[in-house]
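Asks: For reference, Swiss-Prot lists these features for the protein:
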type	residues	note
BINDING	V23, D24, F25, N26, Q38, R39, S62, H63, G65, R66, L121, R122, H168, R169	(2R)-3-phosphoglycerate binding site
BINDING	G212, D217, G236, G336, F341	CDP binding site
BINDING	G212, G236, F341	ADP binding site
BINDING	A213, K218, G237, G311, E342, D373, T374	ATP binding site
BINDING	A213, K214, K218, G237, G311, E342	AMP binding site
BINDING	A213, D217, D373	Mg(2+) binding site
Amino acid sequence: MSLSNKLSVKDLDVAGKRVFIRVDFNVPLDGDKITNNQRIVAALPTIQYVLDHKPKVVVLASHLGRPNGEVNPKFSLKPVAAELSSLLGKKVTFLNDSVGPEVEKAVNSASNGEVILLENLRFHIEEEGSQKKDGQKIKADKEAVARFRKQLTALADVYVNDAFGTAHRAHSSMVGFELEQRAAGFLMAKELTYFAKALENPVRPFLAILGGAKVSDKIQLIDNLLDKVDSIIIGGGMAFTFIKVLDNVAIGNSLFDEAGAKLVPGLVEKAKKNNVKLVLPVDFVTADAFSKDAKVGEATVESGIPDGLQGLDAGPKSRELFAATIAEAKTIVWNGPPGVFEFDKFAEGTKSMLAAAIKNAQNGGTVIVGGGDTATVAKKFGGADKLSHVSTGGGASLELLEGKELPGVVYLSKKA
């Protein structure tokens, strides 16, 4: 799966056409009030670009929440239509469904670049292809899924996908359009450009920074990156499993991953074979409980962490070591914080790592932050705009870094 040769919205002739854009408007709601409109704002450049090129109609489609394949007013996209209208400075017509004769009629009778927002795609079981009933997964009928995809295709002449956050899902709106031209929107294209920079053609030295609780959750990630990078910083909870297995360090009540422990020797062996430097913490900030009010202490690899205490952050020497490792790199992919940054007392390791990453980017390095917790870090402590790229897709970026193909990306047309 090449990331760098996909058709972009800029390659399309949209004049007079029905342009279907799969966006990610999965915004947080409090009742019918949007509490954070960032995802809507992020889609504006693609929508505006298409509008500037005289389409017949722009049809926008998204999911919101997890309605489990049935209509649930709580997850309606209706509030998004009003917000989008005020951001675009243009009327947005909201339809009460995403497929069917009424929707087709509204789309086909639109003109002069009208903007239509469809109702939540996931109100139909055929979008995700299954639903949960009494703890069981029930698959959608194959013929019904094919029909749903045909109904979506009937609304469009060209297809644009700007929903990177859902690119790892083979959902109908991501892979179901029987159209010649299936292009990436600006958001999607930016994600692909940056991940291609790292995974297909990195400027070296290439560093991966990995955090998170369990080695077993990140095994595919570590294994894939060991074939690509020059060094890896292992931080967060999973560092304790590494140091206990490798050096028999006492880790007290810190996280230990039994299943992951069995995998550590193989990963270390592969790192040696590939000449990849593994950088582990050498000291820790400890706590007497997993709490923001915990009593804080310090421990080193030499002293070990006594029983009754747990490591919740990287200590001062580890911060220096991590900063020095970051300073040497020219390309960095960061997925997972080095400590429990949600608690102020245990956020210093994460803040110091972010500062080092920002400095690297300002000195010309490429610093890519995977979605999820690490994107939250960049937002919380300020710095998202100073890094090269903060991904909008937690699950999607993780699967890319694990070396998996993303259905929504594979499905995009190649550049001619």
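For all residues, glycine too, the Cβ spot is worked out from N, Cα and C.
Tell me what's around each of these sites.
Replies: Secondary structure at V23 ((2R)-3-phosphoglycerate binding site), as computed by DSSP, is coil. In sequence order, A43, T46, I47, L60, A61, S62, D162, A163, G185 constitute the residues six or more apart from V23 ((2R)-3-phosphoglycerate binding site) in its chain with CB-CB distances below 8 Å.
Secondary structure at G212 (CDP binding site), as computed by DSSP, is coil.
In sequence order, K218, G236, G237, M238, N335, G336, D373 are the residues of the chain that are 6 or more apart from G212 (CDP binding site) and have a CB within less than 8 Å of its CB.
The Cβ neighbour count for K218 (ATP binding site), using a 10 Å radius and every protein chain shown, is 26.
Taking the Cβ of G311 (ATP binding site) as centre and 10 Å as the limit, one finds 29 other Cβ atoms among all the protein chains shown.
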Asks: Sort the binding-site residues G65, L121, F341 by C-alpha distance from G311 (ATP binding site) and give me just the closest.
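Replies: If we rank G65, L121, F341 by Cα distance to G311 (ATP binding site), first place goes to F341.
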Asks: Among the binding-site residues D217, E342, D373, point out the residue whose Cβ has the most other Cβ atoms within 10 Å, with all shown protein chains included in the count.
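Replies: Highest number of other Cβ atoms within 10 Å: D373.
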Asks: Given the binding-site residues A213, K214, D217, F341, T374, state which is nearest to F25 ((2R)-3-phosphoglycerate binding site) when distance is taken between Cα atoms.
Replies: T374
Asks: Of the residues named as ATP binders, A213, K218, G237, G311, E342, D373, T374, how far apart in Å are the Cα atoms of the most distant pair?
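Replies: About 21 Å separates the two most distant Cα atoms.
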Asks: Drop a 10 Å sphere on every Cβ of the binding-site residues Q38, S62 and tell me which sphere holds the fewest other Cβ atoms.
Replies: Q38
